[in-house]
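Participant: Right, I'll just put the structure down here and ask away after.
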Amino acid sequence: MPELPEVETTRRRLRPLVLGQTLRQVVHRDPARYRNTALAEGRRILEVDRRGKFLLFALEGGVELVAHLGMTGGFRLEPTPHTRAALVLEGRTLYFHDPRRFGRLFGVRRGDYREIPLLLRLGPEPLSEAFAFPGFFRGLKESARPLKALLLDQRLAAGVGNIYADEALFRARLSPFRPARSLTEEEARRLYRALREVLAEAVELGGSTLSDQSYRQPDGLPGGFQTRHAVYGREGLPCPACGRPVERRVVAGRGTHFCPTCQGEGP
């Protein structure tokens, strides 16, 4: 699933191409998945924002077109065999590429996210000033859940998913199975720094393109952070720090990659 770095990369690439353009039409054949998109048509794009894993096209007249990329969605500048919707602008068309069809588009009045409840409960953006250590530490101390499960929750840090939770926990040398409230202040600071560092590096490199090639930047180029993955997707390969094979187990229903030596064996 595209996470914060992939969605932020998409936002940065699309913004200069669409700002000031009029969204003439949203073309699709699935009104259940792409809801109320007619509300966005005929309006000029004023800004392209991001919250967590959501893209928000701010349109004139107090309207937003909200995009959630799902498991495999993304915007492309050229059509693909998996194009599910198209945003027709004045000078170009953006194609919504989504092989597994979990992506969504919503036309809404600005800030009215009743149809998108996840947007209403997102925590702070981990690369913003609002993501301060005291609140992060308090959130850890208030939860008995495993660290990996809490990081995926979106209320502690918006936009963190499987890839970057695993990578941040490895960099902080913390077990994904540890109860969050068991962390000392020093351990929590390590995780706080690691999370910000990993996400910032991934944004700088355009996100991660995995072996399924489902995520690519709008121009079709792959991301580059996958070359820096220490544990994610590396089951059985040597840990870059100690050489022990990386292991994969399930936490909160999600495959989790970690080094038993550097991070602890777990249950």
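Cβ coordinates are placed from backbone N, Cα and C, and glycine is handled just like the others.
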Participant: In Swiss-Prot, one of 55-89, 125-159, 160-194, 230-264 is tagged zinc finger. Which stretch would that be?
Facilitator: 230-264
Participant: Could you check which of the active-site residues (PRO2, GLU3, LYS53, ARG254) sits closest to HIS82 (DNA binding site), going Cα to Cα?
Facilitator: PRO2
Participant: Can you see whether DSSP assigns LYS53 (active site, proton donor) to helix, strand or coil?
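Facilitator: The residue in question, LYS53 (active site, proton donor), is coil (DSSP, three-state).
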Participant: Taking only the Cα atoms, work out how far ARG254 (active site, proton donor) lies from LYS53 (active site, proton donor), in Å, as a whole number.
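Facilitator: Counting only the Cα atoms, the answer is 17 Å.
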Participant: Which whole-number value in Å describes the distance between the Cα atoms of GLU3 (active site, proton donor) and LYS53 (active site, proton donor)?
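Facilitator: It is 6 Å, counting Cα to Cα.
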Participant: Got a sec? Which of these recorded positions, LYS53, HIS82, ARG100, ARG254, has the most Cβ atoms within 10 Å?
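Facilitator: Neighbour-count leader: LYS53.
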